[in-house]
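Written below as C-alpha coordinates is the structure these notes are about.
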Amino acid sequence: MKILWIGRTQYAEAWRLMKSLHCAVAQGLTGDIALVTEHEPVVTVGKHGRLNNVIKWDVPVYLVERGGDATYHGPGQAVVYPIVALRWPLKRYIDAIEDAVIKTLGTYGILAGKKQGHRGVWVGDRKIASIGIAVENNVAYHGVAINVTIDPREFARINPCGLPASTMISMKELGVVAEVRDVGIETAKKLALELGLTPELISKPPEVPQVAEELKPVRVAINA
(Lines of atoms letter the chains of each structure in order from A and count residues from 1; the text may use other names and numbers.)
(Lines give C-alpha, C1' and ligand atoms only; values in the text may rest on other atoms or scores of the structure.)
Protein backbone atom coordinates (compact mmCIF):
# COMPACT_ATOMS: atom_id res chain seq x y z
CA MET A 1 0.00 0.00 0.00
CA LYS A 2 1.42 3.34 -1.04
CA ILE A 3 1.42 6.08 1.61
CA LEU A 4 1.39 9.77 0.70
CA TRP A 5 1.67 12.75 3.05
CA ILE A 6 -0.18 15.65 1.42
CA GLY A 7 0.37 18.24 4.16
CA ARG A 8 -2.29 20.54 5.57
CA THR A 9 -5.31 20.71 3.30
CA GLN A 10 -8.72 22.25 2.88
CA TYR A 11 -11.22 19.43 3.30
CA ALA A 12 -12.82 19.79 -0.14
CA GLU A 13 -9.39 19.67 -1.79
CA ALA A 14 -8.43 16.42 -0.02
CA TRP A 15 -11.90 14.96 -0.67
CA ARG A 16 -11.56 15.51 -4.43
CA LEU A 17 -8.14 13.83 -4.50
CA MET A 18 -9.53 10.96 -2.43
CA LYS A 19 -12.52 10.56 -4.80
CA SER A 20 -10.24 10.62 -7.85
CA LEU A 21 -8.02 7.93 -6.38
CA HIS A 22 -11.08 5.92 -5.32
CA CYS A 23 -12.33 5.88 -8.91
CA ALA A 24 -8.86 4.94 -10.15
CA VAL A 25 -8.54 2.04 -7.69
CA ALA A 26 -12.04 0.82 -8.60
CA GLN A 27 -11.08 0.86 -12.29
CA GLY A 28 -7.75 -0.88 -11.69
CA LEU A 29 -5.75 2.17 -12.78
CA THR A 30 -3.73 2.27 -9.56
CA GLY A 31 -3.23 0.20 -6.44
CA ASP A 32 -4.12 0.67 -2.78
CA ILE A 33 -3.02 4.02 -1.35
CA ALA A 34 -3.38 5.91 1.93
CA LEU A 35 -3.48 9.70 2.01
CA VAL A 36 -2.20 11.28 5.21
CA THR A 37 -3.18 14.86 5.95
CA GLU A 38 -4.04 17.52 8.52
CA HIS A 39 -7.11 19.60 7.73
CA GLU A 40 -7.92 23.25 8.13
CA PRO A 41 -10.88 23.62 10.55
CA VAL A 42 -13.96 21.83 9.20
CA VAL A 43 -16.98 19.82 10.31
CA THR A 44 -18.19 16.80 8.35
CA VAL A 45 -21.42 14.90 8.86
CA GLY A 46 -21.74 11.27 7.74
CA LYS A 47 -24.62 9.84 5.74
CA HIS A 48 -26.39 8.58 8.87
CA GLY A 49 -25.65 11.76 10.83
CA ARG A 50 -27.82 14.68 11.82
CA LEU A 51 -27.14 18.34 11.19
CA ASN A 52 -28.56 19.16 14.62
CA ASN A 53 -25.39 17.59 16.04
CA VAL A 54 -23.60 20.65 14.66
CA ILE A 55 -23.77 23.22 17.46
CA LYS A 56 -21.58 26.05 16.19
CA TRP A 57 -21.52 26.97 12.50
CA ASP A 58 -18.27 28.98 12.40
CA VAL A 59 -16.35 26.66 10.05
CA PRO A 60 -17.33 24.95 6.77
CA VAL A 61 -19.74 22.03 7.22
CA TYR A 62 -19.94 19.24 4.64
CA LEU A 63 -22.27 16.29 4.19
CA VAL A 64 -20.15 13.31 3.12
CA GLU A 65 -20.50 9.65 2.15
CA ARG A 66 -18.84 8.02 5.14
CA GLY A 67 -20.63 6.30 7.98
CA GLY A 68 -20.93 7.94 11.37
CA ASP A 69 -22.28 11.27 12.54
CA ALA A 70 -20.70 14.71 12.98
CA THR A 71 -16.96 15.09 13.49
CA TYR A 72 -14.54 18.01 13.63
CA HIS A 73 -11.19 18.09 11.85
CA GLY A 74 -8.53 20.71 12.40
CA PRO A 75 -4.83 21.45 12.87
CA GLY A 76 -3.20 19.07 15.32
CA GLN A 77 -5.14 16.05 14.09
CA ALA A 78 -3.65 13.29 11.92
CA VAL A 79 -6.12 12.09 9.30
CA VAL A 80 -5.49 8.89 7.33
CA TYR A 81 -7.60 8.07 4.27
CA PRO A 82 -6.86 4.52 3.07
CA ILE A 83 -8.28 3.90 -0.41
CA VAL A 84 -8.28 0.13 -0.58
CA ALA A 85 -9.85 -2.58 -2.73
CA LEU A 86 -11.60 -4.73 -0.13
CA ARG A 87 -10.61 -8.38 0.01
CA TRP A 88 -11.69 -8.78 3.63
CA PRO A 89 -15.06 -8.46 5.39
CA LEU A 90 -15.80 -4.82 6.20
CA LYS A 91 -15.74 -5.51 9.96
CA ARG A 92 -12.27 -7.04 9.63
CA TYR A 93 -11.10 -3.95 7.74
CA ILE A 94 -12.44 -1.52 10.34
CA ASP A 95 -10.96 -3.64 13.13
CA ALA A 96 -7.60 -3.42 11.33
CA ILE A 97 -7.80 0.38 11.30
CA GLU A 98 -8.53 0.46 15.02
CA ASP A 99 -5.72 -2.01 15.72
CA ALA A 100 -3.27 0.09 13.68
CA VAL A 101 -4.13 3.19 15.71
CA ILE A 102 -3.87 1.29 19.00
CA LYS A 103 -0.42 -0.03 18.05
CA THR A 104 0.74 3.40 16.88
CA LEU A 105 -0.35 5.01 20.15
CA GLY A 106 1.40 2.19 21.99
CA THR A 107 4.73 3.24 20.47
CA TYR A 108 4.21 6.57 22.25
CA GLY A 109 3.45 4.87 25.56
CA ILE A 110 -0.33 5.39 25.36
CA LEU A 111 -2.48 2.45 26.41
CA ALA A 112 -5.49 2.70 24.11
CA GLY A 113 -8.18 0.22 23.19
CA LYS A 114 -11.66 -0.41 21.87
CA LYS A 115 -14.96 0.27 23.61
CA GLN A 116 -17.89 -2.10 23.41
CA GLY A 117 -20.75 -0.63 21.43
CA HIS A 118 -18.65 2.21 19.99
CA ARG A 119 -16.30 2.48 17.04
CA GLY A 120 -13.04 4.41 17.23
CA VAL A 121 -10.10 4.18 19.63
CA TRP A 122 -10.41 5.03 23.30
CA VAL A 123 -8.26 5.81 26.31
CA GLY A 124 -10.52 4.78 29.16
CA ASP A 125 -13.81 6.59 28.54
CA ARG A 126 -12.21 9.27 26.36
CA LYS A 127 -12.09 9.02 22.57
CA ILE A 128 -8.75 9.70 20.88
CA ALA A 129 -9.52 8.55 17.32
CA SER A 130 -12.69 8.57 15.21
CA ILE A 131 -13.44 6.29 12.26
CA GLY A 132 -15.81 6.75 9.34
CA ILE A 133 -15.71 4.55 6.24
CA ALA A 134 -17.50 4.50 2.90
CA VAL A 135 -17.49 1.63 0.40
CA GLU A 136 -18.39 1.96 -3.28
CA ASN A 137 -17.60 -0.56 -6.01
CA ASN A 138 -15.91 -2.71 -3.34
CA VAL A 139 -13.33 0.00 -2.67
CA ALA A 140 -13.17 1.53 0.82
CA TYR A 141 -12.33 5.19 1.38
CA HIS A 142 -12.54 7.91 4.05
CA GLY A 143 -10.79 6.69 7.21
CA VAL A 144 -9.57 7.67 10.66
CA ALA A 145 -8.70 10.89 12.52
CA ILE A 146 -6.28 10.76 15.47
CA ASN A 147 -6.13 13.61 17.97
CA VAL A 148 -2.45 14.53 18.33
CA THR A 149 -2.06 18.12 19.54
CA ILE A 150 -5.57 19.35 18.78
CA ASP A 151 -7.34 21.06 21.69
CA PRO A 152 -10.33 18.83 22.57
CA ARG A 153 -12.33 22.02 23.27
CA GLU A 154 -12.48 22.51 19.48
CA PHE A 155 -15.01 19.66 19.44
CA ALA A 156 -17.49 21.89 21.30
CA ARG A 157 -18.70 22.87 17.81
CA ILE A 158 -20.43 19.49 17.59
CA ASN A 159 -21.77 16.49 19.42
CA PRO A 160 -18.98 14.24 18.06
CA CYS A 161 -20.62 11.09 16.68
CA GLY A 162 -23.57 11.97 18.91
CA LEU A 163 -21.39 12.08 22.05
CA PRO A 164 -20.60 15.06 24.32
CA ALA A 165 -17.57 17.09 23.19
CA SER A 166 -15.94 16.41 26.57
CA THR A 167 -15.56 12.77 25.48
CA MET A 168 -12.65 13.70 23.21
CA ILE A 169 -8.99 13.60 24.29
CA SER A 170 -5.65 14.17 22.54
CA MET A 171 -2.13 12.77 22.80
CA LYS A 172 -1.00 16.19 24.01
CA GLU A 173 -3.57 16.16 26.82
CA LEU A 174 -2.07 12.82 27.86
CA GLY A 175 1.37 14.45 28.10
CA VAL A 176 2.74 13.02 24.85
CA VAL A 177 4.63 15.20 22.35
CA ALA A 178 4.28 14.00 18.75
CA GLU A 179 4.18 15.33 15.19
CA VAL A 180 0.96 15.00 13.20
CA ARG A 181 2.82 13.75 10.12
CA ASP A 182 4.68 11.07 12.07
CA VAL A 183 1.54 9.76 13.78
CA GLY A 184 -0.39 9.63 10.51
CA ILE A 185 2.33 7.89 8.52
CA GLU A 186 3.01 5.36 11.28
CA THR A 187 -0.71 4.57 11.47
CA ALA A 188 -0.84 4.03 7.69
CA LYS A 189 2.22 1.76 7.85
CA LYS A 190 0.76 -0.30 10.65
CA LEU A 191 -2.57 -0.57 8.81
CA ALA A 192 -0.80 -1.93 5.74
CA LEU A 193 0.88 -4.57 7.88
CA GLU A 194 -2.40 -5.43 9.63
CA LEU A 195 -3.89 -6.10 6.19
CA GLY A 196 -0.91 -8.13 4.99
CA LEU A 197 0.19 -5.39 2.59
CA THR A 198 3.62 -3.83 2.09
CA PRO A 199 3.83 -0.13 3.06
CA GLU A 200 5.63 2.14 0.60
CA LEU A 201 6.14 5.87 1.14
CA ILE A 202 5.73 7.97 -2.02
CA SER A 203 6.29 11.69 -2.60
CA LYS A 204 3.54 12.51 -5.12
CA PRO A 205 0.15 11.09 -6.02
CA PRO A 206 -0.27 8.67 -8.93
CA GLU A 207 -1.35 10.29 -12.17
CA VAL A 208 -5.02 9.45 -12.44
CA PRO A 209 -8.06 11.17 -14.00
CA GLN A 210 -9.54 13.84 -11.75
CA VAL A 211 -13.23 13.67 -10.89
CA ALA A 212 -15.23 16.68 -12.03
CA GLU A 213 -17.44 16.55 -8.94
CA GLU A 214 -16.87 19.24 -6.31
CA LEU A 215 -17.92 19.13 -2.67
CA LYS A 216 -20.04 22.10 -1.60
CA PRO A 217 -20.53 23.16 2.03
CA VAL A 218 -23.94 23.11 3.65
CA ARG A 219 -25.36 26.62 3.66
CA VAL A 220 -27.54 27.63 6.60
CA ALA A 221 -28.51 30.86 8.30
CA ILE A 222 -26.32 31.60 11.31
CA ASN A 223 -28.14 33.41 14.09
CA ALA A 224 -26.22 36.22 15.72
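Keep in mind that glycine also has a Cβ here, set from the backbone N, Cα and C atoms.
If you check Swiss-Prot, you get these features:
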ACT_SITE  CYS161  active site, acyl-thioester intermediate
BINDING   ARG66, GLY67, GLY68, ASP69, ALA70, THR71, TYR72, HIS73, SER130, ILE131, GLY132, GLY143, VAL144, ALA145  substrate binding site
DOMAIN    28-199  domain 'BPL/LPL catalytic'
SITE      LYS127  site 'Lowers pKa of active site Cys'
With every protein chain in view, what's the tally of Cβ atoms within 10 Å of the Cβ of SER130 (substrate binding site), excluding that atom itself? 25
Count of other CB atoms lying within 10 Å of the CB belonging to ALA70 (substrate binding site): 24
Restricting to the record's substrate-binding residues (ARG66, GLY67, GLY68, ASP69, ALA70, THR71, TYR72, HIS73, SER130, ILE131, GLY132, GLY143, VAL144, ALA145), give me the longest CA-CA distance in Å as a whole number. 16
When you measure from the Cβ of VAL144 (substrate binding site), how many other Cβ atoms are you left with inside 10 Å? 26
Rounded to a whole number of Å, the separation of the Cα atoms of LYS127 (site 'Lowers pKa of active site Cys') and VAL144 (substrate binding site) comes to 12
